[in-house]
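Feature list (source: Swiss-Prot):
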DOMAIN    22-165  domain 'N-acetyltransferase'
BINDING   Thr44, Lys92, Phe93, Ile94, His95, Glu104, Asp105, Val106, Tyr135, Lys136, Arg164  substrate binding site
BINDING   Arg114, Gln115, Lys116, Leu117, Gly118, Ala119  acetyl-CoA binding site
Amino acid sequence: MSHIFDASVLAPHIPSNLPDNFKVRPLAKDDFSKGYVDLLSQLTSVGNLDQEAFEKRFEAMRTSVPNYHIVVIEDSNSQKVVASASLVVEMKFIHGAGSRGRVEDVVVDTEMRRQKLGAVLLKTLVSLGKSLGVYKISLECVPELLPFYSQFGFQDDCNFMTQRF
């Protein structure tokens, strides 16, 4: 199975108290067939992304810098990806040529919410980020989710602006 990053890097950061039917692992190339894109569409517009385009983007992300650490939770009962979040690590010249982490695309399937899968993903990514030596991890969220993310050490830190095209 082709993963987006080395699974052994992730293993020490996965909480041990997961139910047996949930497996935390890096995104795999065959997750297209396990509903990964459908899961992302619960978060935002995915656009026209067929399997060929997914696999092409997967390979580009797998081999590029910054490093994309996309983590999924698979339900072994249904063989579906039911939750996902990404830690993007970008290199900087500031902070002694340090690296910054950004948590992105946090999503839990609507039918699997309230099972603390989002918490599992965030704890995993924060632990992974620390081990990778990032000097900070940031994320953007809607105001309603500030209390949720603050449970994991995130603080409302500054204004965020965007341009969409």
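Counting begins at 1 with the first residue displayed.
Every residue gets a Cβ built from N, Cα and C, even glycine.
What you see is a predicted model, and the numbers here were worked out from it, not measured in a lab.
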For the domain 'N-acetyltransferase' (22-165), the DSSP residue counts stand at 53 helix, 43 strand, 48 coil
Please identify which of Thr44, Phe93, Gln115, Lys116 has the densest Cβ environment, defined as other Cβ atoms within 10 Å, among these binding-site residues. Gln115
When you measure from the Cβ of Asp105 (substrate binding site), which residues in the chain that are at least 6 apart have a Cβ under 8 Å away? Leu40, Leu43, Thr44, Ile70, Ser84, Ala85, Ser86
Between Tyr135 (substrate binding site) and Gln115 (acetyl-CoA binding site), what C-alpha distance do you get in Å? 30
Please average pLDDT over the domain 'N-acetyltransferase' (22-165) for the predicted structure. 94
Between the C-alpha atoms of Phe93 (substrate binding site) and Arg114 (acetyl-CoA binding site), the distance in angstrom, to the nearest integer, is 40
